[in-house]
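J.: Take a look at this one; I'll ask things after.
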């Protein structure tokens with residue numbers, strides 16, 4: 001029962017009054033016998049009832065004659081189909097199902113008054129489901145049966161192809177409780193836009209709705225479906241990119257090379273497209289952009305060679321060496337064309353005292369003597385015999401170990417070759433390498449024709 005529902009209370013009161021009114025006593029007007037259960041009521045005389053015996057014998061009393069119209073009145077205490085249930089009880093069963101809903105047998109039994117819930121279930125199944133009434137009303141095969149068109153294995157509509165299973169995230173019990181994650185269902189207790197169902201929870205379609213009300217309700221359902229699609233899209237992205245594991249720093253990151261500054265900027269700009277790609281597709285998209293950039297750079301370089309009359313790859317290295325020498329000569333001419341600095345230096349040199357000149361000369365001699373001592377000091381170092389005379393002089397002037405110089409030289413030349421091929425790289429010099437020494441080495445390699453400085 002529903003004690004707090006006023007509608008149910010009013011309906012129960014009305015049913016009680018109806019039973020009291022219909023359970024009043026009736027007596028035969030001729031023989032005064034109790035005819036409450038079954039009586040013959042005269043349709044012409046006012047308030048005139050007879051029992052079956054008096055009616056069959058043709059009893060007449062007062063204005064009533066035997067030829068008057070009549071009708072039979074029964075209180076419903078008889079059985080309809082030779083069962084223990086009366087007509088009133090069967091009517092109460094149907095009223096209870098309509099009022100409380102199918103399956104609420106306790107409330108239906110209380111509505112009848114003198115039957116248990118088990119008796120109500122057995123009677124309803126025997127009479128209205130498995131009986132003649134149920135067989136004639138309920139078809140054997142429902143015309144609204146849903147047919148599964150999906151394939152059981154790997155067909156075109158196979159569930160394994162449309163919704164591939166995702167492995168559950170590897171989380172501890174404490175982490176699952178903290179996140180509200182259910183690993184067996186691969187789902188969350190609180191979804192994105194968790195109140196979306198409230199839009200249609202109270203929605204009902206009535207037969208008397210006009211076209212405008214129907215259109216408004218359909219628009220409301222459409223908005224609800226859009227919110228569900230957005231929720232599903234976010235869950236798909238979380239599964240594909242492993243965001244649940246990343247949330248707790250449990251995702252095993254694959255070893256990746258360190259990106260250059262240009263690559264980082266490009267990846268940041270392309271992040272907006274990650275919502276339309278899967279994880280592997282987005283990585284492939286980024287790699288394709290990098291390849292496109294390299295190909296464009298290489299095409300521009302080849303077009304420059306073609307404009308200068310070069311048609312073979314073997315001639316490219318010769319052209320680059322000649323171009324570097326030509327640019328170097330231009331730089332030297334520019335330096336000679338600026339006499340201001342040289343005049344200023346000459347004036348300062350001409351104004352020096354003889355004592356200062358002699359002191360400078362002695363200092364130069366001292367430096368040259370110290371250079372020769374350094375040269376003698378690195379003569380026994382490893383890789384000394386691999387150096388040219390100019391490289392030996394350079395190492396001795398800087399006081400650098402020949403092995404360290406060879407390492408720096410290899411790194412600079414290797415990075416220069418990769419840049420020429422359009423491969424973005426970031427030069428990594430050895431630790432504790434002085435900046436002045438690095439600049440002197442780069443300038444030496446450029447003067448020697450090993451690299452070009454652009």
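Cβ coordinates come from backbone N, Cα and C, glycine included.
What you see is a predicted model, and the numbers here were worked out from it, not measured in a lab.
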J.: Region 'Disordered' per TrEMBL: which of the ranges 126-146, 147-167, 168-188 is that?
T.: 147-167
J.: Quick one: which of 278-326, 327-375 does TrEMBL have down as region 'Disordered'?
T.: 327-375
J.: How does the domain 'SANT' (80-132) divide up by DSSP, counting helix, then strand, then coil residues?
T.: 36 helix, 1 strand, 16 coil
